[in-house]
Amino acid sequence: MSSLPENYQPPDPSSLPTGPLDTTTSAYGFSHTMIRIKDPRVSLDFYTRILGMTLVRVMPMPAGKFTNYFLCYPQSTVPDRDNHDQLMGWLWQQQGILELCHNWGTELSESDFQGYKSGNEPEHKGFGHICVFVDDLHKACDRFTSLGVRFKKRPEDGQMRHIAFILDPDGYWIEIIQKSAGDKEVTKN
């Protein structure tokens with residue numbers, strides 16, 4: 001049951017800012033999103049083997065007892081990981097990086113760690129999902145099924161048949177869309 005007033009209307013899209021209005025932001029870009037993970041072995045396997053991302057940097061932080069893992073779909077050749085300055089110059093020019101943050105010990109059974117909130121639980125709404133595009137939505141979903149990936153929504157579920165949502169090992173939602181499909185329906189061959 002919705003608590004919205006019966007006559008509620010969302011903001012008119014034509015009245016919303018479309019930016020950028022300030023030319024000083026013309027060199028800005030979307031760098032990365034960070035999510036916390038329980039077990040790097042499980043999560044790195046998922047993001048590299050299942051989703052095909054490349055782990056480009058590991059940043060252990062002993063003072064804070066955490067490690068950050070930076071993954072992406074490289075848009076150019078990844079520099080030699082032993083050349084820190086070259087790698088960092090390249091990394092911070094990439095867009096769409098996923099940073100996985102592992103707080104040490106959360107993966108241990110004796111830690112009694114219950115896991116992170118994905119942001120989609122009714123009492124914790126906030127963060128929604130990341131999105132990955134694929135060449136063929138249905139082939140990708142068949143592959144995910146064969147690999148035992150958990151689905152939140154398959155393309156054939158509901159009204160939006162041009163998208164799927166899978167769950168990563170920590171329960172984060174990952175939207176899967178077909179490259180160049182936009183908001184169009186994708187038909188299965």
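Note that the numbers count up from 1, one per residue, in the order the chain is shown.
Placement of Cβ uses the backbone N, Cα and C atoms for every residue, glycine included.
The model shown is predicted, which means the values in this text are computed figures rather than measured ones.
Counting every protein chain shown, the Cβ of E175 (active site, proton donor/acceptor) has 17 other Cβ atoms within 10 Å. TrEMBL lists E175 with the feature active site, proton donor/acceptor.
Among the features that TrEMBL reports, Zn(2+) binding site is placed at E99, H129, E175. Counting only residues at least six positions away in the same chain, the Cβ atoms of H32, T33, M34, I35, N68, Y69, F70, L71 sit under 8 Å from the Cβ of E99 (Zn(2+) binding site).
Look at TrEMBL and you will find 29-179 tagged as domain 'VOC'.
Summarising the annotation, TrEMBL assigns region 'Disordered' to 1-22. Long-range Cβ contacts of the region 'Disordered' (1-22) within its own chain (Cβ-Cβ under 8 Å, at least 6 residues beyond either end) map to 28.
Counting every protein chain shown, the Cβ of H129 (Zn(2+) binding site) has 17 other Cβ atoms within 10 Å. Broken down by DSSP into helix, strand and coil, the region 'Disordered' (1-22) contains 3 helix, 0 strand, 19 coil. Taking the domain 'VOC' (29-179) as a whole, pLDDT averages 93 in the prediction.
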